[in-house]
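Noted in TrEMBL for the protein shown:
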TRANSMEM  12-35  transmembrane segment
TRANSMEM  65-83  transmembrane segment
TRANSMEM  95-122  transmembrane segment
TRANSMEM  134-155  transmembrane segment
TRANSMEM  175-208  transmembrane segment
TRANSMEM  220-242  transmembrane segment
TRANSMEM  248-267  transmembrane segment
Amino acid sequence: MSILQNQIILDVFIKSMIVGISLSILLSILSYFIVLQRLNFLGVGISHSVFGGLAFNYLFGLSTLLLPIGFATLTALLIGILYRKGLSKDSAINVMFVFTMALGAVILSFSSGYSANILGMLFGDILAINTSDIVYSIILLAIGLVLFSLFFSHMQLITFNEELAKINGINVDLFYYLFLIFLGIVIVLSVKLIGIILVNAFLVLPALSGMNMARSYKSVLLWSILFSIISCISAIFISYYLNTPSGATIVITFFILWLFSSIFNKITRRL
């Protein structure tokens, strides 16, 4: 293998690792609140809405993130509004899920040669990650860590008791909608690495794995982040050497870790 090839491979790995670790931390924190609030399918509705934005990109030959982010945040807000207006969580998510997927499919059908890009869209492609993605992921990680460190106690109270949060003067609706918007933006950046179909696994498995290992809510969060980083780093290497979709490989790796954590949990409970 030539020096140039080695340099290209190293560059791909470095970019993938930076983006992967940044998103692992963010998705783990979001997973913590999503699982505790029993919003497990929320990521499905939002992630599949990205399909519509990406379809517009392919149709007009664009590479901007504005359209996917717009689709994701609008869908997230509509899900929140429908739920707040009395529709059940699952119904609100399903309504937006089927609409945005259908819209994306129709738009994409007008784009010639779209089938070549469909696998990367659905299951992730580490080769598609560029320098802009690194910058966006680092900025988003910094913003996310600042926001969650400042308002973690507020989010925690809202998660466990909305009425008590309102009594304490917390604007529950504002926090709810801001959470959905932030989730939508993180999902858009995650699609390149994990893919549209599989990104929801990263919003559920971290917290579930953490719960198997931890004995307090704070340690659940720490275990979630640790599991996410381990699965992401190991899967990126596996994905490259086996030439498999990065998203699918990450989720399979994460599933194995979750399985081991579940076994560990059952064993320790018996002791």
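Any Cβ shown, glycine's included, is placed from N, Cα and C.
What you are looking at is a predicted structure, and each value in this text was computed from that prediction instead of being measured.
Here the transmembrane segment (220-242) touches the transmembrane segment (12-35). Their Cβ atoms form 3 or more pairs under 8 Å, with each pair 6 or more residues apart. A contact between the transmembrane segment (134-155) and the transmembrane segment (248-267) is absent, since fewer than 3 of their C-beta pairs, 6 or more residues apart, lie under 8 Å. Taking every recorded stretch in 12-35, 65-83, 175-208 and counting its Cβ pairs under 8 Å to the transmembrane segment (248-267), the highest total belongs to 175-208.
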